[in-house]
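> I have a structure I would like to understand better, so I am pasting it below and will then ask my questions one at a time.
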Amino acid sequence: MEGVDYLAPERNNAQFDVDEMKIVWAGSREAFEVSDRIARLVASDPNFRKDDRTTLGRKELFKNTLRKAAYAWKRIIELRLNEEEAKRLRSFIDQPAFTDLHWGMFVPAIKGQGTDEQQEKWLPLAYKMQIIGCYAQTELGHGSNVQGLETTATFDPQTDEFVIHSPTLTSCKWWPGGLGKISTHGVIYARLITDGKDHGVHGFIVQLRSLDDHLPLPGITVGDIGMKFGNAAYNTMDNGVLRFDHVRIPRNQMLMRVSQVTREGKYVQSNVPRQLVYGTMVFVRQTIVSDASTALSRAVCIATRYSAVRRQFGSHNGSPETQVINYKTQQARLFPLLASAYAFRFVGEWLKWLYMDVTKRLEAKDFSTLPEAHACTAGLKSLTTSATADGIEECRKLCGGHGYLCSSGLPELFAVYVPACTYEGDNIVLLLQVARHLMKTVSQLGSGKMPVGTTAYMGRAEHLMQCRSDVKQAKDWLRPNVVLEAFEARAFRMSVACAKNLTKFSSPEEGFQELSADLVEAAVAHCQLIVVSKFIEKLQQDIPGKGVKQQLEILCSVYALFLLHKHHGDFLSTGCITPTQASLANEQLRSLYSQVRPNAIALVDAFNYTDHYLGSVLGRYDGNVYPKLYEEAWKDPLNDSVVPDGYHEYVRPMLKQQLRNARL
Ligand SMILES: CCCCCCCCCCC/C=C/C(=O)SCCNC(=O)CCNC(=O)[C@H](O)C(C)(C)COP(=O)(O)OP(=O)(O)OC[C@H]1O[C@@H](n2cnc3c(N)ncnc32)[C@H](O)[C@@H]1OP(=O)(O)O
Ligand SMILES: Cc1cc2nc3c(=O)[nH]c(=O)nc-3n(C[C@H](O)[C@H](O)[C@H](O)COP(=O)(O)OP(=O)(O)OC[C@H]3O[C@@H](n4cnc5c(N)ncnc54)[C@H](O)[C@@H]3O)c2cc1C
């Protein structure tokens, strides 16, 4: 029945103030108000309809994406939305588009690596969308190994220009979003060559297409790289291929904040680390962590609501069957994901702060926290995207057969999300960067240099190598210090074990290769510690609202104890806890699941997602799942006719043949 809230009894069970939790989730009252207003704006505008997109062919889908992007831009201008509101609007449209790369990477690359004059020239054009840009770094032959890129930018002192060239097939740019069909410009990464000397990879602004007829400029070959995983998913994006044949650009289009080439062709390096050329990646990795909490919370919201609606088995004397959310196995799979969504939200907030802090320091020429910012953004991007991709798939399974229908929203969410494990740095490659940072920190411990930031705990080396958990009963695992110490000791001991093993090889490089699987595990342990500790820090803040803090304390314990249970082998083998303490943690976890249960629906309501944004029949706010699933099925284009196209051509002759054979 329309208008009935089938989940109302669940909502009535909540033991906390949902509206206050919405503020905590959004980050502030103001952020909540912006997000809520823009989400409703998008949901109520039929131009942003998205329920038909999985049935569209690639060309229609792409045109539909362009239409939405143009309409969104029109609304942004008409409503005079500010930067934050515009960003929210684009994200609620929920369809990857060239604009993501324009605003998310092209503009930040110019801001971060362009001189003041370059910013003054290019940013106003980009802000008004008079040019559209992409970020073209990856090539057919190299993505992870940025130093291996082959595109060249050779300075010609005769003409005061760079000649951009793709010397081999493998040097073609391959993957950049927005490049395939739309971008007029790109920040192109190429090896800078002056006077025959190779200075490594630098960024250049290159015009790719005419602003009049959109045709590629002379010397440029450009197109789309083809269909990707899934139906609609990331196929709304024109990931592109680009080949340069001696394309000339003025010298002042090299992004010259980090290093410069003078009129005479002299290469000058500013007094800043060369890694600042990688700054845009650090910025985007940081945003990807917050995006992970959004993607995971969407999947969890769908699976939680549906688990409360769905009933299987357990009917006695005609009573209703059991809601599947009441099965302990369902809870043990679902509630850690719910807790992870909150955990990633808070670590994302903290990472945003860290990024702003490092940016301020860089402006004051303080580069001391750059390695920490790189390690944290790389490690947390990796940890949160891998957990989210796995979590979305788990949510699909939690929804049984109906989770496999596109109308559940989960297949689309999975297909569009999984490349996050690869783009902005393959997750394993990034964890190896974290491991390098950890090995460096461990190796410096004896030198008297105190580790800082997220590795500060390593400063308590002696204690962490010796400590034994004092947990005696299950409820001891609710004490934040007990949990923190166990995670710190496990992470530290795993790093120290790797560092010791590295000394057994003839060179550190050989050791690093041989031990890379162990190093990745040590990096994961360190990153999990960061997430747990930032959740605990969040709880030390003043959190208003009836029962809100208590719910977050429960979720924090669920997150930590779930990890402890999942990785208990690490905790046991490093001697941080005993087998008895491991089973006490599991006992506590079971009890926490029972505490989450009555609040589960309210905890996902706190994400404040509109039905439009969720895009899921199973995750509907009102829980009216079955009639809507039935309705959706009839909307499928296959059901446009009773007898399908192809029946008379292929099936009927077959049937007739069978009939003739039978008569023989
Ligand atoms: C509003 C927001 C909306 C956002 C919308 C975004 C939508 C997203 C859509 C997706 C778009 C996708 C885009 C892309 O994928 S762009 C391409 C991304 N490519 C990568 O991420 C490549 C990964 N590879 C690398 O980053 C590097 O090559 C790697 C770090 C793996 C190795 O680099 P390199 O060989 O140069 O380095 P070394 O290992 O030798 O290390 C040298 C030292 O430099 C330090 N380092 C490395 N990277 C950084 C960095 N980024 N910042 C600071 N420092 C860095 C490294 O730790 C070494 O330090 P030490 O010498 O002290 O050990
Ligand atoms: C949807 C999508 C959008 C993208 N958008 C852009 C864009 O806008 N701009 C852009 O420039 N790029 C973009 N990319 C490219 C992306 O950044 C790269 O694909 C990514 O950095 C991974 O690099 P790769 O493809 O070279 O993987 P590879 O490095 O070839 O990885 C292959 C395998 O090798 C392993 N491996 C590689 N090196 C090591 C090592 N040192 N040790 C151990 N294992 C290793 C990896 O773990 C992986 O399992 C996009 C990619 C995707 C999928």
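In case you wondered, yes, glycine gets a Cβ from its N, Cα and C as well.
Feature annotation from TrEMBL assigns active site, proton acceptor to Glu424. Residues annotated as FAD binding site in TrEMBL: Thr138, Gly177. TrEMBL lists 17-132 with the feature domain 'Acyl-coenzyme A oxidase N-terminal'. Among the features that TrEMBL reports, domain 'Acyl-CoA oxidase C-alpha1' is placed at 278-439. What TrEMBL lists as domain 'Acyl-CoA oxidase C-terminal' is 480-656.
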> DSSP says what for the domain 'Acyl-coenzyme A oxidase N-terminal' (17-132): how many helix, strand, coil residues?
90 helix, 0 strand, 26 coil
> Tell me the Cα distance separating Glu424 (active site, proton acceptor) from Thr138 (FAD binding site), rounded to the nearest angstrom.
10
> Could you state the CA-to-CA distance between Glu424 (active site, proton acceptor) and Gly177 (FAD binding site) to the nearest Å?
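Just about 12 Å between their Cα atoms.
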> Non-local Cβ contacts of Gly177 (FAD binding site) (under 8 Å, 6 or more apart, same chain)?
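Spatial neighbours, sequence-distant, of Gly177 (FAD binding site): Pro96, Phe98, Asp100, Leu101, Cys134, Tyr135, Met237, Asp238, Asn239, Gly240.
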> DSSP secondary structure for Gly177 (FAD binding site), reduced to helix/strand/coil, please.
coil
